[in-house]
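A short worksheet on the structure shown next.
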Amino acid sequence: MEDPTVISGDLSPKQAIQLQKDAASQVITYDDLPTVKTVAGVDVGFENRDVARAAVVVLRLDDLTPVEYAIARQPVRMPYIPGLLSFRECPAILDALNQLNRKPDLLLCDGQGIAHPRRLGVASHLGILTGMPTIGVGKSRLTGTHGPVPDIKGQWTPLEDDSEVIGAVLRTRQGVKPLYISSGHRVSLPTAIEYVMACVTRYRLPETTRWADGIASDRGQNWLRAIKTDRS
DNA sequence: GCGACAG
DNA sequence: ATCTTGTCGC
């Protein structure tokens, strides 16, 4: 393994796991990010199981207005294996990110950050690959345990693995299942929670994720015409 | 050996 | 992730 972070071609599960162990040591879990003016949401949808469609939507943090988006389609190379999600989705995401005119200051990814068996969920892996600050926003648990979460918007409970805090189980809205937040790269857990809440309005998912979901999935056209694109 | 298991 | 209608609750 020359560069332990590169995803080149198809890897066997064993190779992928070894790469994760090597790359995990490069993850930064303290705050090392610039002033955040724009936040992007990234998500991947699938067309007929064999084509991945990644969507990246950049929003202004102050009013959560979308300012730019990009979509990338790529043939699927790896199957979905719990713990190895990034190898399946990152190629398409990187492609979409490269299409942006201006890089966002922060990335909110669907899936875990360091709340992962080897501390390298898709958000952390994407952070290492791009060098960008990232946060993991999972809709369900991959690993770790936690106590009950108060049913009050903004409240959270630590997610831990062997008495190590790897994330937070956050109630983004009363009466709905909580979200699993964790540091991706260059963002601490407290800061991650703050930014996620800053992107939440009246729904369970932050606006970044809602926009990316909509565009990555089928009815993307409906969401696209709602964006006043400033691209040619 | 028997579960658990992001999207 | 994706397949899918109506329905319960604030």
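Heads up, the Cβ atoms here are built off N, Cα and C, so glycines get one too.
As recorded in TrEMBL, the features of this protein are as follows:
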type	residues	note
BINDING	A:D43, A:D110	Mg(2+) binding site
SITE	A:Y80	site 'Interaction with target DNA'
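Under the three-state DSSP scheme, A:Y80 (site 'Interaction with target DNA') falls in the coil class. The Cβ of A:D110 (Mg(2+) binding site) has A:V42, A:D43, A:V44, A:V122, A:V137, A:G138, A:K139, A:T209, A:A212, A:D213 as same-chain neighbours under 8 Å, each 6 or more residues away in sequence. Scoring each of the recorded positions (A:D43, A:Y80) by how many neighbouring Cβ atoms lie within 10 Å, the top position goes to A:D43.
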